[in-house]
Amino acid sequence: MTVYNFAAGPATLPDPVIKQIQEELPSLQGSGMSILEISHRSQMFDKIIDTAKQDIKDLMHVPDNYHILFFQGGGTGQFAAVPMNLATKHKRIALLDSGHWATRAGDEAANLGVTVDVLDSTKDKHYQELPHMPHAISASDYDYLHITTNNTIEGTAYHTLPEHGDVTLVGDLSSNFMAEEYQVSDFGLIFGGVQKNLGPAGVTVVIVRDDLVNHVDHIPSILNYELFVKKNSMFNTPPVFAIYATGLVLKWLKQQGGIAGIEALNKKKSALLYDFLDQSTLFHNDIKKTDRSLTNIPFKTTDPVLDKQVIAEADQAGLKNLKGHRSVGGLRASLYNAMPLAGVQALVDFLYNFEKQHKNNTMGKRYVSSKNI
């Protein structure tokens, strides 16, 4: 039985990458040493990290005035790092509240003494559509505007970025990093954990414009952008294996036609599932169609008990980790870059058959009930 992993992260990795890791694990490049034990100060790792940076630059067309950095601590770590490094002039930021992770980013900035102005929120609409800019803003008021480009839990995404005037735009791209195309130059800073689209858990990519990298007092060294630029992301021991594995995924991504190629596939995958859900009489997705995510698709029936049955039976069929986030319930299918089209087709086939069987069972019960009247 083929197993497909629909987890929100850590997520599925490309089969060729897993195979290469297996082959190289005992002895990396014939060195007699595993990637798990090589020194981060070795020439071998210098090549690994520099190649990964160059491949990110190539894939995302990163301009020369941006730095590519590797951190630990996930996107959550950057919720603290970004305001510490960037909110230094006004100590005030703007935020569009599109869901759980945007809220977490705002809370962390506020915890650090930064004033957070939530310009718009769709919380009252259960985050089933995106918030938008209610008015123009200025860099004379704000250090930056924070957005979450893809909302992993709620299933929405900014396919077109909000207008932000001369205010620096900070994007949390954690769950659609390299899953669809964005212009890096539209942002002052991009960050994202790689464990959804680009690699295993353990490394966070930060892409930051050079003019935003400044000396800041009273900031932990482990979150200091200036220090990480100077040390080529090796102020301390970096996550060697995670960077190595991410590098392999980047090579694989180039072979898929780059981000444009993988975005086309992601659109095809998501359309396959959305088309089924829109025609279904049992399952439904309540997200505004123009705001739907390519990578995270929540859906449910009208009965939480039935949702649990779907999840359990899907698991038995090899369709793993479809349980929705605890804050919204239901089911969620995460269709990250390495999820093959065949996996989505298998899910749709399963849901179709489940719905058909459910209808038959329901009609049978009604028939028996009517005979007893």
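Every residue, even glycine, has its Cβ placed from backbone N, Cα and C.
Mapped onto three states, the DSSP output places ARG41 (L-glutamate binding site) in coil. Long-range C-beta contacts of ARG41 (L-glutamate binding site), restricted to its own chain and to partners at least six residues apart, with a cutoff below 8 Å, comprise MET234. Summarising the annotation, Swiss-Prot assigns L-glutamate binding site to ARG41.
The pyridoxal 5'-phosphate binding site annotation in Swiss-Prot covers GLY75, THR76, TRP101, THR152, ASP172, GLN195, ASN236, THR237. For GLY75 (pyridoxal 5'-phosphate binding site), the same-chain residues that are 6 or more apart in sequence and have a Cβ closer than 8 Å to its Cβ are TRP101, ASP172, SER174, PHE191, GLY192, GLY193, THR204.
Annotated N6-(pyridoxal phosphate)lysine per Swiss-Prot: LYS196, in sequence order. Under a cutoff of 8 A between CB atoms, and with a sequence separation of 6+ in the same chain, the neighbours of LYS196 (N6-(pyridoxal phosphate)lysine) are ALA8, GLY9, PRO10, ALA11, THR152, SER174, SER175, PHE177, THR295, SER334, TYR336.
Less than 8 angstroms from the CB of THR76 (pyridoxal 5'-phosphate binding site) sit ARG104, GLU108, each of them six or more residues away in the same chain. All chains included, 10 other C-beta atoms sit within 10 angstroms of the C-beta of THR237 (pyridoxal 5'-phosphate binding site). The pyridoxal 5'-phosphate-binding residues named in the record, GLY75, THR76, TRP101, THR152, ASP172, GLN195, ASN236, THR237, extend over a maximum Cα to Cα distance of 30 Å. Ranking the binding-site residues THR152, GLN195, ASN236 by other CB atoms within 10 A of the CB puts ASN236 at the bottom. In the three-state DSSP scheme, ASN236 (pyridoxal 5'-phosphate binding site) is classed as coil.
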